[in-house]
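Asker: What Swiss-Prot records for this protein is below:
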- Asp71: active site, proton donor/acceptor (ACT_SITE)
- His19, Lys23, Thr45, Gly46, Thr47, Thr48, Ser65, Gly66, His98: substrate binding site (BINDING)
- 6-152: domain 'MGS-like' (DOMAIN)
Amino acid sequence: MELTTRTLPARKHIALVAHDHCKQMLMNWVERHQPLLEKHVLYATGTTGNLIQRATGLEVNAMLSGPMGGDQQVGALISEGKIDVLIFFWDPLNAVPHDPDVKALLRLATVWNIPVATNVATADFIIQSPHFNDPVDILIPDYQRYLAERLK
């Protein structure tokens, strides 16, 4: 597939997702980085988003809870170019009923080449990057060219 460039803005749109056993870990991470995160636009699956809002006062655009379709809503936003970074603390030791949604979310983040953190160390690397508060160019699939080729 041909690629094109997308510029991630200085003010990032960040999705925050956590499985039940990882929610407290994500909450701690958000609280530790609240001064940086408040400069960006935050999205989250339902329970996670509401817990973050309650604990920090940060404004969070909450989707549905993950098992009710929230993971798919975040994935749709990624496909539409509306999410720039995904912080997803998932529990590799416990299966969840919506595992296919989880796999689809991670697949879309990879397809659309956005930065993804699935653990605290990687999330710290992303947020501490010297480029985190700057516009950054990424390569993404050239969907218009892809569609034009398919419609020939």
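Cβ atoms are placed via backbone N, Cα and C, with glycine included.
Show me how these features fit into the shown structure, please.
Answerer: Residue environment of Asp71 (active site, proton donor/acceptor) contains 29 other Cβ atoms, counted within 10 Å of its Cβ in all protein chains.
In the three-state DSSP classification, Ser65 (substrate binding site) falls within coil. Here Ser65 (substrate binding site) comes close to Thr45, Gly46, Thr47: these same-chain residues lie at least six apart in sequence, with C-beta atoms under 8 angstroms from its C-beta.
In the domain 'MGS-like' (6-152), the DSSP tally of helix, strand and coil residues is 70 helix, 29 strand, 48 coil.
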Asker: Give the residue from the binding-site residues Thr45, Thr47 that has the most other Cβ atoms within 10 Å of its Cβ, counting over every protein chain displayed.
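Answerer: Compared across Thr45, Thr47, the most Cβ atoms within 10 Å surround Thr45.
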Asker: Compute the average pLDDT of the predicted model within the domain 'MGS-like' (6-152).
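Answerer: Residues in the domain 'MGS-like' (6-152) carry a mean pLDDT of 96 in this prediction.
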Asker: State the Cα to Cα distance, in Å, between Asp71 (active site, proton donor/acceptor) and His19 (substrate binding site), rounded to an integer.
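Answerer: Asp71 (active site, proton donor/acceptor) and His19 (substrate binding site) have their Cα atoms 11 Å apart.
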